[in-house]
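Below: the structure, in structure tokens.
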């Protein structure tokens, strides 16, 4: 279908700075780089995705100021072992997308294609050898509650991710002209999205979805994990050079980030990463590496999502979560130099895309916690 694929810019429209060969181009909070190559799976739309033909379309246009800004981004980063696949922007299939033009909302993407992605995320990355309990075709809780806390955390984080997506689709649902329900055959000329209590009840009422309350708790766990990660890396971020291509924007961005860091550091931490992977021995090191590799595999599975917007937002959130885990489980990530400045240890690096993803993901959890209320 025409709108199931991203409409790329012609090569002549791409700023020269992007066309240059480099390891990593920097991107801003308003422009997120995603992989649309489809190398891991066939992204062709099925008949079940007819409803998503228009609603899932990505707006890939950039204004002249954005193109000039992107053209000046040329900083090169190194990286430590990632929890997510971080694409090289020089690879074929990479595009720049303005997140403000592509708000996360209901697109009509559902059916077997969507269900298959979630089943793969849960089942292919399950630590247990026994089958998991399933509700409506999707696993919803660990088989054995006596499973070690590291493995339970893994499952709860994935559950929290799915919950956040379901909540967002309920809060920004496609509404009809006056009945508040989706109608793809008599849609008004200009589609309207907004909160749908009916959709929220359908997805989260305990009488309909038995595990809904657990899923909501998992959502707040993700919120706590990412808040703790930002708090841990705050000393570094306070010294970070924010480059947007405009001096005034740099100053404003730095001021806002410092305000956020202060607010987070003033909050009590509800997550203590020191209680995980703290035992010595080869077994715990292997478990930690398996944890990372399974999470890395999820980012690859997300490439199989057939809706452009769904795939983009899903990968953005999973990359933000992966960045948080990378920060929390990388032991001592920085020390102090002789002059007292905080610095990262040599073999740990945060790319700009990781910082952008972490802040975007955390912002979403804050928004959803308010939306639930």
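Backbone N, Cα and C define each Cβ position, glycine as well.
Per TrEMBL, the features are:
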- 307: active site, nucleophile (ACT_SITE)
- 310: active site (ACT_SITE)
- 107, 118, 159, 203: FAD binding site (BINDING)
- 45-84: disulfide bond (DISULFID)
- 307-310: disulfide bond (DISULFID)
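Here the candidates are the recorded positions 84, 307, 310, and by Cα distance the one nearest residue 203 (FAD binding site) turns out to be 310. Just so you know, of the binding-site residues 107, 159, the Cβ with the fewest other Cβ atoms around it within 10 Å is the one at 107. Within 10 Å of the Cβ of residue 118 (FAD binding site) there are 17 other Cβ atoms, across all protein chains. Residue 307 (active site, nucleophile) has its Cα within 10 Å of the Cα of none of the recorded positions 84, 118, 159. Taking only the Cα positions, the spacing between residue 310 (active site) and residue 84 (disulfide bond) is 17 angstrom.
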